[in-house]
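A short write-up of the structure that comes next.
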Amino acid sequence: MKAVGIIVEYNPFHNGHLYHLEETKKQTGADCIIAVMSGNFLQRGEPALVSKWARTKMALSAGVDIVIELPYAFAVQSAEQFASGAVTLLHSLFCEEICFGSENGNITAFIDAAKTFLEQKQQHDSYVQEALQEGVSYPRANAEAWKRLNATNLDLSKPNNVLGLAYVKAILQKQIPITPRTIRRIASDYHDKTFSHPSIASATSLRKALKGSLAHLETIAPYIPGTTKQTLEQYYDTYGMFHEWEAYFPFLKYRIMTAEEAELRQIAGVDEGIEHRLKQEIVAAPTFSAFMNSIKTKRYTWTRLQRICTHILTNFTKDQRKKTETPTYIRLLGMSSNGRRYLQHVKKHLPLPLVTKVSNLKHDPIYQQEKKASFAYAAIFPEPARTNVLKEEYATPPLLQ
(Lines of atoms letter the chains of each structure in order from A and count residues from 1; the text may use other names and numbers.)
(Lines give C-alpha, C1' and ligand atoms only; values in the text may rest on other atoms or scores of the structure.)
Protein backbone atom coordinates (compact mmCIF):
# COMPACT_ATOMS: atom_id res chain seq x y z
CA MET A 1 0.00 0.00 0.00
CA LYS A 2 1.31 3.43 -0.92
CA ALA A 3 1.05 5.92 1.96
CA VAL A 4 1.13 9.67 1.38
CA GLY A 5 1.47 12.15 4.22
CA ILE A 6 -0.13 15.54 4.75
CA ILE A 7 0.65 18.05 7.51
CA VAL A 8 -2.45 19.77 8.84
CA GLU A 9 -4.19 21.78 11.55
CA TYR A 10 -7.81 21.78 10.29
CA ASN A 11 -8.89 24.77 12.33
CA PRO A 12 -11.56 24.02 11.17
CA PHE A 13 -11.63 21.59 8.23
CA HIS A 14 -13.02 23.51 5.22
CA ASN A 15 -13.61 23.11 1.50
CA GLY A 16 -10.07 24.23 0.67
CA HIS A 17 -8.75 21.37 2.81
CA LEU A 18 -11.13 18.98 1.04
CA TYR A 19 -9.77 20.14 -2.33
CA HIS A 20 -6.19 19.56 -1.11
CA LEU A 21 -7.11 16.10 0.19
CA GLU A 22 -8.86 15.02 -3.01
CA GLU A 23 -6.10 16.42 -5.25
CA THR A 24 -3.48 14.64 -3.14
CA LYS A 25 -5.24 11.32 -3.70
CA LYS A 26 -5.65 12.01 -7.41
CA GLN A 27 -2.10 13.21 -8.10
CA THR A 28 -0.23 10.64 -5.98
CA GLY A 29 -2.36 7.52 -6.43
CA ALA A 30 -2.21 7.05 -2.66
CA ASP A 31 -3.72 3.94 -1.11
CA CYS A 32 -3.60 5.53 2.34
CA ILE A 33 -3.59 9.19 3.40
CA ILE A 34 -1.86 9.88 6.72
CA ALA A 35 -2.38 13.27 8.36
CA VAL A 36 -0.08 14.49 11.10
CA MET A 37 -2.16 17.10 12.91
CA SER A 38 -1.37 19.67 15.60
CA GLY A 39 -3.03 18.96 18.94
CA ASN A 40 -4.97 21.50 20.99
CA PHE A 41 -2.56 24.41 20.37
CA LEU A 42 -1.38 25.46 16.93
CA GLN A 43 1.74 26.63 15.12
CA ARG A 44 0.82 30.31 15.30
CA GLY A 45 0.50 30.09 19.08
CA GLU A 46 -3.25 29.92 19.50
CA PRO A 47 -5.78 27.43 20.88
CA ALA A 48 -7.56 25.31 18.30
CA LEU A 49 -11.19 26.29 17.77
CA VAL A 50 -12.27 22.79 18.87
CA SER A 51 -10.36 19.89 20.39
CA LYS A 52 -8.00 17.51 18.63
CA TRP A 53 -10.70 14.81 18.82
CA ALA A 54 -13.34 16.95 17.12
CA ARG A 55 -10.86 17.89 14.37
CA THR A 56 -9.83 14.23 13.97
CA LYS A 57 -13.51 13.42 13.42
CA MET A 58 -13.69 16.11 10.72
CA ALA A 59 -10.61 14.66 9.00
CA LEU A 60 -11.82 11.05 9.03
CA SER A 61 -15.28 12.07 7.81
CA ALA A 62 -13.66 13.84 4.85
CA GLY A 63 -11.59 10.83 3.78
CA VAL A 64 -8.30 10.91 5.70
CA ASP A 65 -7.27 7.34 6.60
CA ILE A 66 -4.98 7.88 9.60
CA VAL A 67 -4.64 10.89 11.91
CA ILE A 68 -1.65 11.11 14.24
CA GLU A 69 -0.80 13.92 16.64
CA LEU A 70 2.00 16.41 16.16
CA PRO A 71 2.95 16.93 19.81
CA TYR A 72 2.93 20.39 21.38
CA ALA A 73 6.76 20.41 21.52
CA PHE A 74 6.79 20.59 17.69
CA ALA A 75 3.36 22.02 16.90
CA VAL A 76 3.82 25.37 18.69
CA GLN A 77 7.18 26.22 17.16
CA SER A 78 8.87 27.98 14.28
CA ALA A 79 8.33 26.64 10.76
CA GLU A 80 11.64 24.72 10.90
CA GLN A 81 10.88 22.88 14.16
CA PHE A 82 7.26 22.30 13.17
CA ALA A 83 8.39 20.80 9.86
CA SER A 84 11.12 18.69 11.43
CA GLY A 85 8.71 17.00 13.84
CA ALA A 86 6.00 16.49 11.23
CA VAL A 87 8.29 15.07 8.53
CA THR A 88 9.98 12.73 11.03
CA LEU A 89 6.62 11.32 12.13
CA LEU A 90 5.40 10.80 8.55
CA HIS A 91 8.68 9.08 7.69
CA SER A 92 8.26 6.81 10.73
CA LEU A 93 4.97 5.59 9.19
CA PHE A 94 6.72 4.88 5.86
CA CYS A 95 5.08 7.61 3.80
CA GLU A 96 6.50 7.62 0.28
CA GLU A 97 5.43 11.19 -0.46
CA ILE A 98 4.21 14.27 1.35
CA CYS A 99 1.88 16.70 -0.34
CA PHE A 100 1.41 20.24 0.95
CA GLY A 101 -0.62 23.21 -0.18
CA SER A 102 1.25 26.36 -1.16
CA GLU A 103 0.69 29.72 -2.79
CA ASN A 104 3.42 28.87 -5.32
CA GLY A 105 2.29 25.43 -6.52
CA ASN A 106 5.63 24.53 -8.17
CA ILE A 107 7.63 21.89 -6.30
CA THR A 108 10.80 22.57 -8.32
CA ALA A 109 11.00 26.07 -6.81
CA PHE A 110 10.88 24.59 -3.30
CA ILE A 111 13.50 21.91 -4.02
CA ASP A 112 15.88 24.39 -5.68
CA ALA A 113 15.51 26.85 -2.80
CA ALA A 114 16.08 24.13 -0.18
CA LYS A 115 19.22 22.92 -1.97
CA THR A 116 20.52 26.48 -2.19
CA PHE A 117 19.90 26.93 1.53
CA LEU A 118 21.91 23.81 2.39
CA GLU A 119 24.75 24.89 0.11
CA GLN A 120 24.82 28.49 1.38
CA LYS A 121 23.50 28.09 4.92
CA GLN A 122 26.40 29.99 6.48
CA GLN A 123 25.91 32.98 4.18
CA HIS A 124 22.12 32.86 4.65
CA ASP A 125 22.47 32.83 8.44
CA SER A 126 24.94 35.71 8.27
CA TYR A 127 22.47 37.81 6.25
CA VAL A 128 19.69 36.96 8.71
CA GLN A 129 21.81 38.12 11.65
CA GLU A 130 22.65 41.39 9.88
CA ALA A 131 18.97 42.08 9.32
CA LEU A 132 18.03 41.12 12.89
CA GLN A 133 20.60 43.59 14.22
CA GLU A 134 18.70 46.30 12.35
CA GLY A 135 15.65 45.45 14.46
CA VAL A 136 13.44 43.66 11.94
CA SER A 137 11.45 40.50 12.66
CA TYR A 138 12.85 37.05 11.90
CA PRO A 139 10.38 36.35 9.04
CA ARG A 140 11.37 39.60 7.34
CA ALA A 141 15.08 38.98 8.01
CA ASN A 142 14.75 35.51 6.50
CA ALA A 143 12.97 36.85 3.41
CA GLU A 144 15.65 39.55 2.99
CA ALA A 145 18.40 36.93 3.27
CA TRP A 146 16.83 34.88 0.48
CA LYS A 147 16.57 37.99 -1.66
CA ARG A 148 20.25 38.82 -1.16
CA LEU A 149 21.22 35.26 -2.05
CA ASN A 150 19.06 35.61 -5.17
CA ALA A 151 18.13 32.05 -4.30
CA THR A 152 14.42 31.74 -4.95
CA ASN A 153 11.40 33.26 -6.60
CA LEU A 154 9.19 31.96 -3.78
CA ASP A 155 7.17 34.65 -2.06
CA LEU A 156 8.26 34.07 1.53
CA SER A 157 5.72 36.54 2.88
CA LYS A 158 3.16 33.76 2.27
CA PRO A 159 2.89 31.39 5.28
CA ASN A 160 2.26 28.22 3.27
CA ASN A 161 5.30 28.87 1.07
CA VAL A 162 7.39 29.30 4.24
CA LEU A 163 6.08 26.03 5.70
CA GLY A 164 6.47 24.21 2.39
CA LEU A 165 10.10 25.29 2.12
CA ALA A 166 10.64 24.11 5.71
CA TYR A 167 9.20 20.67 4.84
CA VAL A 168 11.50 20.26 1.84
CA LYS A 169 14.53 21.50 3.82
CA ALA A 170 13.75 18.96 6.57
CA ILE A 171 13.52 16.14 4.02
CA LEU A 172 16.87 17.07 2.44
CA GLN A 173 18.68 17.81 5.72
CA LYS A 174 17.59 14.52 7.27
CA GLN A 175 18.14 12.66 3.97
CA ILE A 176 14.68 11.14 4.29
CA PRO A 177 13.47 9.09 1.30
CA ILE A 178 10.20 10.99 0.90
CA THR A 179 9.20 12.73 -2.33
CA PRO A 180 7.72 16.20 -1.73
CA ARG A 181 4.82 17.42 -3.83
CA THR A 182 2.80 20.63 -3.69
CA ILE A 183 -0.69 21.66 -4.74
CA ARG A 184 -1.46 25.30 -5.37
CA ARG A 185 -3.99 26.83 -3.01
CA ILE A 186 -7.07 28.09 -4.79
CA ALA A 187 -9.23 31.17 -4.33
CA SER A 188 -8.21 32.33 -0.84
CA ASP A 189 -5.03 33.55 0.80
CA TYR A 190 -4.02 32.21 4.22
CA HIS A 191 -4.49 35.63 5.86
CA ASP A 192 -7.72 36.55 4.05
CA LYS A 193 -10.28 37.83 6.55
CA THR A 194 -13.18 38.18 4.12
CA PHE A 195 -14.99 35.85 1.71
CA SER A 196 -14.10 36.38 -1.95
CA HIS A 197 -15.18 33.02 -3.43
CA PRO A 198 -18.56 31.23 -3.31
CA SER A 199 -17.24 28.01 -1.72
CA ILE A 200 -13.56 28.43 -0.71
CA ALA A 201 -12.43 30.56 2.23
CA SER A 202 -9.41 30.65 4.53
CA ALA A 203 -9.62 29.20 8.03
CA THR A 204 -8.75 32.70 9.32
CA SER A 205 -11.82 34.22 7.65
CA LEU A 206 -14.03 31.36 8.85
CA ARG A 207 -12.96 31.78 12.48
CA LYS A 208 -13.44 35.54 12.23
CA ALA A 209 -16.95 35.12 10.79
CA LEU A 210 -17.87 32.54 13.42
CA LYS A 211 -17.14 35.09 16.19
CA GLY A 212 -16.89 32.33 18.77
CA SER A 213 -20.60 31.58 18.57
CA LEU A 214 -22.87 28.98 17.02
CA ALA A 215 -25.21 31.83 16.03
CA HIS A 216 -22.97 32.62 13.05
CA LEU A 217 -22.50 29.03 11.85
CA GLU A 218 -24.84 29.47 8.87
CA THR A 219 -22.60 32.30 7.63
CA ILE A 220 -19.71 29.88 7.10
CA ALA A 221 -21.81 26.85 6.05
CA PRO A 222 -21.14 27.31 2.27
CA TYR A 223 -17.39 27.05 2.92
CA ILE A 224 -17.26 23.87 5.02
CA PRO A 225 -18.35 20.25 4.45
CA GLY A 226 -21.58 19.20 6.14
CA THR A 227 -19.63 16.91 8.47
CA THR A 228 -17.58 19.87 9.73
CA LYS A 229 -20.76 21.85 10.37
CA GLN A 230 -22.25 18.93 12.28
CA THR A 231 -19.08 18.47 14.38
CA LEU A 232 -18.95 22.19 15.24
CA GLU A 233 -22.62 22.08 16.28
CA GLN A 234 -22.05 19.02 18.47
CA TYR A 235 -19.00 20.56 20.12
CA TYR A 236 -20.76 23.83 20.91
CA ASP A 237 -23.85 22.01 22.18
CA THR A 238 -21.65 19.92 24.49
CA TYR A 239 -19.28 22.60 25.80
CA GLY A 240 -21.08 25.88 25.16
CA MET A 241 -18.12 27.60 23.49
CA PHE A 242 -15.39 27.57 20.90
CA HIS A 243 -11.80 28.16 21.99
CA GLU A 244 -10.35 31.65 21.49
CA TRP A 245 -7.39 33.42 23.09
CA GLU A 246 -9.59 35.92 24.93
CA ALA A 247 -11.05 33.12 27.07
CA TYR A 248 -7.52 32.17 28.19
CA PHE A 249 -6.40 35.71 28.90
CA PRO A 250 -7.26 35.68 32.66
CA PHE A 251 -5.05 32.58 33.07
CA LEU A 252 -2.21 34.16 31.08
CA LYS A 253 -2.53 37.36 33.09
CA TYR A 254 -2.33 35.43 36.35
CA ARG A 255 0.74 33.51 35.14
CA ILE A 256 2.65 36.63 34.07
CA MET A 257 1.67 38.78 37.06
CA THR A 258 2.64 36.15 39.65
CA ALA A 259 5.86 35.02 37.93
CA GLU A 260 9.22 36.60 38.68
CA GLU A 261 11.12 37.90 35.66
CA ALA A 262 13.75 35.21 36.24
CA GLU A 263 11.01 32.59 35.97
CA LEU A 264 9.70 34.07 32.73
CA ARG A 265 13.23 34.01 31.29
CA GLN A 266 13.14 30.21 31.58
CA ILE A 267 10.16 30.00 29.21
CA ALA A 268 10.87 28.92 25.62
CA GLY A 269 11.06 31.93 23.31
CA VAL A 270 11.49 34.54 26.06
CA ASP A 271 14.71 36.26 25.01
CA GLU A 272 16.31 39.70 24.71
CA GLY A 273 14.57 41.11 27.78
CA ILE A 274 11.01 40.71 26.45
CA GLU A 275 10.02 39.55 29.96
CA HIS A 276 10.30 43.18 31.18
CA ARG A 277 7.81 44.30 28.56
CA LEU A 278 5.45 41.43 29.36
CA LYS A 279 5.44 42.29 33.08
CA GLN A 280 5.06 46.00 32.39
CA GLU A 281 2.14 45.81 29.94
CA ILE A 282 0.10 42.97 31.45
CA VAL A 283 -1.14 44.95 34.46
CA ALA A 284 -3.35 47.43 32.60
CA ALA A 285 -4.26 45.26 29.60
CA PRO A 286 -8.04 44.64 29.58
CA THR A 287 -8.01 41.99 26.82
CA PHE A 288 -5.62 39.64 25.07
CA SER A 289 -5.84 41.68 21.89
CA ALA A 290 -5.00 44.89 23.76
CA PHE A 291 -2.08 43.16 25.48
CA MET A 292 -0.70 41.88 22.19
CA ASN A 293 -0.93 45.30 20.57
CA SER A 294 0.90 46.84 23.54
CA ILE A 295 3.86 44.42 23.36
CA LYS A 296 4.15 43.98 19.58
CA THR A 297 7.26 45.52 17.99
CA LYS A 298 8.99 45.38 14.61
CA ARG A 299 11.27 42.68 16.02
CA TYR A 300 8.55 40.65 17.74
CA THR A 301 5.76 39.62 15.37
CA TRP A 302 2.25 38.81 16.56
CA THR A 303 2.83 35.11 15.84
CA ARG A 304 6.10 34.98 17.76
CA LEU A 305 4.48 36.71 20.74
CA GLN A 306 1.46 34.40 20.62
CA ARG A 307 3.79 31.40 20.79
CA ILE A 308 5.56 32.93 23.80
CA CYS A 309 2.19 33.50 25.49
CA THR A 310 1.16 29.91 24.78
CA HIS A 311 4.44 28.66 26.25
CA ILE A 312 3.83 30.78 29.37
CA LEU A 313 0.29 29.41 29.63
CA THR A 314 1.52 25.81 29.34
CA ASN A 315 4.81 26.38 31.20
CA PHE A 316 6.98 25.11 28.34
CA THR A 317 10.55 25.92 29.35
CA LYS A 318 13.80 26.19 27.44
CA ASP A 319 15.06 23.17 29.35
CA GLN A 320 12.05 21.13 28.26
CA ARG A 321 12.55 22.24 24.66
CA LYS A 322 16.07 20.79 24.75
CA LYS A 323 14.66 17.46 25.96
CA THR A 324 12.06 17.30 23.18
CA GLU A 325 14.01 17.86 19.98
CA THR A 326 12.88 14.73 18.11
CA PRO A 327 9.67 12.66 18.27
CA THR A 328 9.77 9.59 20.51
CA TYR A 329 6.36 8.07 19.75
CA ILE A 330 3.50 8.06 17.23
CA ARG A 331 0.18 8.91 18.88
CA LEU A 332 -2.77 7.56 16.93
CA LEU A 333 -5.83 9.83 17.11
CA GLY A 334 -8.05 8.09 14.58
CA MET A 335 -8.25 5.79 11.56
CA SER A 336 -10.57 4.48 8.89
CA SER A 337 -10.92 0.78 8.10
CA ASN A 338 -8.41 1.36 5.29
CA GLY A 339 -6.05 3.04 7.75
CA ARG A 340 -6.36 0.09 10.10
CA ARG A 341 -5.36 -2.27 7.28
CA TYR A 342 -2.31 -0.14 6.55
CA LEU A 343 -1.21 -0.09 10.20
CA GLN A 344 -1.60 -3.86 10.47
CA HIS A 345 0.66 -4.12 7.44
CA VAL A 346 3.46 -1.91 8.84
CA LYS A 347 3.20 -1.93 12.65
CA LYS A 348 5.85 -4.63 13.22
CA HIS A 349 8.41 -2.51 11.38
CA LEU A 350 7.76 0.92 12.88
CA PRO A 351 10.89 2.68 14.25
CA LEU A 352 8.84 4.45 16.97
CA PRO A 353 6.18 2.99 19.28
CA LEU A 354 2.61 3.39 18.02
CA VAL A 355 0.66 4.66 21.02
CA THR A 356 -3.08 4.29 21.59
CA LYS A 357 -2.99 4.59 25.41
CA VAL A 358 -1.16 7.59 26.85
CA SER A 359 -0.71 5.83 30.20
CA ASN A 360 2.27 4.19 28.48
CA LEU A 361 3.87 7.64 28.05
CA LYS A 362 3.75 9.02 31.59
CA HIS A 363 7.55 9.36 31.84
CA ASP A 364 8.10 10.69 28.31
CA PRO A 365 9.15 14.40 28.32
CA ILE A 366 7.26 15.11 25.09
CA TYR A 367 4.05 13.69 26.51
CA GLN A 368 4.57 15.43 29.86
CA GLN A 369 4.36 18.73 27.98
CA GLU A 370 1.37 17.47 26.01
CA LYS A 371 -0.39 16.77 29.30
CA LYS A 372 0.26 20.32 30.51
CA ALA A 373 -1.12 21.66 27.25
CA SER A 374 -4.26 19.58 27.77
CA PHE A 375 -4.70 20.99 31.29
CA ALA A 376 -4.34 24.52 29.92
CA TYR A 377 -6.74 23.88 27.04
CA ALA A 378 -9.45 22.60 29.41
CA ALA A 379 -8.97 25.39 31.98
CA ILE A 380 -11.61 27.69 30.47
CA PHE A 381 -14.44 25.21 31.04
CA PRO A 382 -16.63 25.10 34.15
CA GLU A 383 -17.13 21.75 35.85
CA PRO A 384 -18.06 19.08 34.91
CA ALA A 385 -17.03 19.96 31.34
CA ARG A 386 -13.41 20.59 32.41
CA THR A 387 -13.05 17.12 33.93
CA ASN A 388 -14.75 15.53 30.93
CA VAL A 389 -12.33 17.20 28.50
CA LEU A 390 -9.36 16.05 30.58
CA LYS A 391 -10.76 12.52 30.63
CA GLU A 392 -10.80 12.68 26.83
CA GLU A 393 -7.03 13.19 26.88
CA TYR A 394 -6.43 10.09 29.02
CA ALA A 395 -9.27 7.76 28.15
CA THR A 396 -10.31 8.34 24.54
CA PRO A 397 -9.21 5.49 22.28
CA PRO A 398 -8.39 6.27 18.65
CA LEU A 399 -11.53 7.28 16.75
CA LEU A 400 -12.74 4.79 14.16
CA GLN A 401 -14.45 5.78 10.92
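Using N, Cα and C of the backbone, Cβ positions are placed for all residues, glycine too.
These features come from Swiss-Prot:
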BINDING   7-20, Gly101, Asn160, 185-186  ATP binding site
Q: Let me know the DSSP-derived helix, strand or coil state of Ile7 (ATP binding site), please.
A: strand
Q. For Ile7 (ATP binding site), which residues of its chain lie six or more apart in sequence with Cβ-Cβ distance below 8 Å?
A. Ala35, Val36, Leu70, Ala83, Ala86, Val87, Leu90, Ile98, Phe100, Leu163, Tyr167
Q.
For a quick check of packing: other C-beta atoms within 10 Å of the C-beta of Phe13 (ATP binding site), how many?
A. 27
Q: Check Asn160 (ATP binding site) against DSSP and tell me helix, strand or coil, would you?
A: helix
Q) According to DSSP, which kind of secondary structure is Phe13 (ATP binding site) found in, if we only use helix, strand and coil? A) coil
